[in-house]
Structures are given as structure tokens and as C-alpha cells.
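Here is what Swiss-Prot records for this protein:
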- 18-151: domain 'Galectin 1' (DOMAIN)
- ARG58: site 'Critical for binding to sialylated and sulfated oligosaccharides' (SITE)
- ARG68, ASN78, GLU88: carbohydrate binding site (BINDING)
- 186-316: domain 'Galectin 2' (DOMAIN)
- TRP248, GLY249, GLU250, GLU251, GLU252, ARG253, ASN254: beta-D-galactoside binding site (BINDING)
Amino acid sequence: MLSLSNLQNIIYNPTIPYVSTITEQLKPGSLIVIRGHVPKDSERFQVDFQHGNSLKPRADVAFHFNPRFKRSNCIVCNTLTNEKWGWEEITHDMPFRKEKSFEIVIMVLKNKFHVAVNGKHILLYAHRINPEKIDTLGIFGKVNIHSIGFRFSSDLQSMETSTLGLTQISKENIQKSGKLHLSLPFEARLNASMGPGRTVVVKGEVNTNATSFNVDLVAGRSRDIALHLNPRLNVKAFVRNSFLQDAWGEEERNITCFPFSSGMYFEMIIYCDVREFKVAVNGVHSLEYKHRFKDLSSIDTLAVDGDIRLLDVRSW
């Protein structure tokens with residue numbers, strides 16, 4: 001779950017129906033986190049991102065997110081423009097259960113919304129109304145909401161990508177004006193060597209027909225790979241390994257829930273602890289990997305390749 005300390009303008013235990021102004025403009029990179037509980041007798045509830053709050057005529061709804069429990073047991077998404085609904089997009093992979101708590105994380109991307117529930121990617125919804133017009137959040141139906149939080153971010157996909165805390169190595173990766181993402185294969189040197197307390201963040205978007213990609217922490221001088229993270233979407237395996245003294249070690253694959261799917265936006269956080277690396281994806285802890293390469297201070301390079309659009313890399 002995302003820490004509340006990372007969110008702004010948190011509203012606790014709002015009364016439903018809930019309609020309120022969103023205090024800042026929603027731009028790509030903005031995040032909305034809604035935590036709540038589905039009552040036993042709920043038939044449906046909805047989360048609406050609106051342009052205004054007018055009842056007559058009814059305000060436009062840029063994104064209507066509507067879990068339904070009676071008969072259909074699905075999520076219906078739609079857009080309301082000039083009091084007319086568009087075509088429904090229906091998701092049958094239903095993550096909500098009656099009498100169970102939930103966490104909805106909605107990420108605003110340049111061309112679509114990305115929705116995850118309880119740490120699992122659920123759906124993508126292409127913008128039919130410019131998200132910058134959204135100024136109101138509405139929640140309706142039979143649902144108990146514990147908290148609503150926001151994280152307003154800069155436009156990750158239209159600004160020139162930054163690489164805070166890294167120095168790019170490959171000439172082809174040097175940013176050109178107007179470029180929306182980093183070229184692959186990507187390689188960059190950390191401005192400070194790896195060690196306990198250090199963090200690396202990789203942000204990207206998985207390609208639609210992705211097979212796999214990899215994120216590696218490398219000891220530049222020896223070219224040993226201390227940490228090889230290799231999500232394989234074709235088999236839903238999150239493979240971890242090390243390449244030491246010109247040989248791969250034993251793969252680690254155990255994971256509770258595979259956190260990636262085609263088309264999704266992700267933020268991968270790699271935290272170096274004394275005994276292990278800890279990895280989280282979109283705010284949800286995924287795995288630990290015990291250090292096989294013991295000289296942590298020799299780890300000075302980040303390498304990324306595979307079937308993704310690489311948007312941002314950071315280290316501190």
C-alpha cells in the first residue's frame with residue numbers, strides 16, 4: 001500500500017455521496033488513492049472524475065469507474081459528454097469483494113488512466129476528455145470510504161526526462177530537445193556508489209506486446225551484475241539473478257503477485273539494505289533479494305533494456 005505520507009490533501013471518512021473540488025490540476029503523473037470497504041448489501045458504487053458539479057444539466061464525466069456486483073460482477077468505465085454516455089468499456093477481472101477492504105490507485109497518464117486495485121493492475125482507460133478539465137471528484141453508491149488522497153506530479157511524459165543522481169554513459173542516450181523517453185538499451189553511472197540506504201527508481205511504461213525487460217545494477221569495472229531484475233510478461237515470472245565471474249547464478253522466481261501487465265505505467269523502487277535489496281512496484285512491496293555480490297560500493301551502474309518505454313531514472 002502507498003504510504004499516506006506520500007499523499008496530499010487527504011480526506012478521511014467522507015460522507016457518501018461525496019462531491020468535492022480537486023484543488024490542483026490533474027496532469028500526467030498525478031495519483032489518486034482511494035481506500036474503503038464494500039458493504040455486504042452493495043450492488044454497485046462509482047468514482048467519477050468530473051468537469052464541474054452541475055446537476056442540471058449534468059456535469060461532464062471524463063472518467064466513470066463503476067464496479068457492479070449484482071448479476072454482472074464487473075467494472076464498467078465510460079465518459080459522459082453533454083449528458084450522453086459513450087460506449088462502455090467492461091472489465092470482468094473483478095478485484096472487489098463484498099465485506100472486503102480495497103485500495104484503488106488511479107494514475108493519470110498522458111493518453112489514459114491507469115487503475116490498480118490492491119496492488120494489482122486492473123485496467124487502462126483512454127482519455128475521451130482532456131484530463132486537465134477535471135476539477136471535481138464524485139463518489140456515489142453503496143460504499144464506505146476511509147480516505148481519499150492525492151499526489152500531484154509534474155508531467156512525466158511531456159517534459160524532458162530527468163535523470164537525477166545519474167550520469168548517462170551511452171552517447172545515444174543523451175536527451176534531445178522534445179524527446180519523450182530515454183533510448184534503450186540505457187546505461188547510466190550512479191553519482192554515488194551503491195550501499196545501505198541507497199535508492200534507485202525506474203519509471204516506465206510496458207509495451208503493448210511486451211515479452212520481457214530487465215533492470216540491472218552493475219559493478220562497472222568488473223561488469224558483474226549484482227542485481228538482475230527480469231519481469232517476463234509472457235510467463236508472468238519476475239526473475240531475479242546475479243551474473244558473477246562470467247556465470248549466471250540460480251534464478252529466484254517466488255512472488256506473491258506478478259505486478260506487471262502490457263500497457264501499464266510503473267514505478268519500480270529498488271532499496272539497498274545491509275543484507276538485501278528490497279523492490280517495490282507502484283508503491284507495493286514485491287520482493288527481497290539477498291546480496292550475492294558483497295562489495296556493494298563497487299556497484300556504480302544502472303542498465304535497462306527490453307520491451308518498455310523508459311520515462312525516468314533517479315538515484316539518491
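Including glycine, each Cβ sits where the backbone N, Cα and C put it.
This view paints the features noted in Swiss-Prot onto the structure.
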residue	record	DSSP class
ARG68	carbohydrate binding site	strand
ASN78	carbohydrate binding site	strand
GLU88	carbohydrate binding site	coil
TRP248	beta-D-galactoside binding site	strand
ARG253	beta-D-galactoside binding site	coil
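A 10 Å cutoff on Cβ-Cβ distances gives ASN78 (carbohydrate binding site) a total of 19 other Cβ atoms nearby, all chains included. Comparing CA positions across the recorded positions ARG58, ARG68, ASN78, the one lying closest to ARG253 (beta-D-galactoside binding site) turns out to be ARG68. Between ARG58 (site 'Critical for binding to sialylated and sulfated oligosaccharides') and ASN78 (carbohydrate binding site), the C-alpha separation comes to 15 Å. Neighbouring residues of the recorded carbohydrate site, listed in sequence order and excluding ARG68, ASN78, GLU88, comprise HIS64, ASN66, CYS74, ILE75, VAL76, CYS77, GLU89, ILE90 (Cβ within 8 Å of the Cβ centroid).
Pairwise Cα distances among ARG68, ASN78, GLU88, which the record gives as the binders of carbohydrate, peak at 13 Å. Of all Cβ atoms in the shown protein chains, 19 besides its own fall within 10 Å of the Cβ of ARG68 (carbohydrate binding site). Taking the Cβ of GLY249 (beta-D-galactoside binding site) as reference, residues of its chain lying under 8 Å away and at least six apart in sequence are, in sequence order, ASN241, SER242, PHE243, ARG292. Looking only at the domain 'Galectin 1' (18-151), the predicted model's pLDDT averages out at 93.
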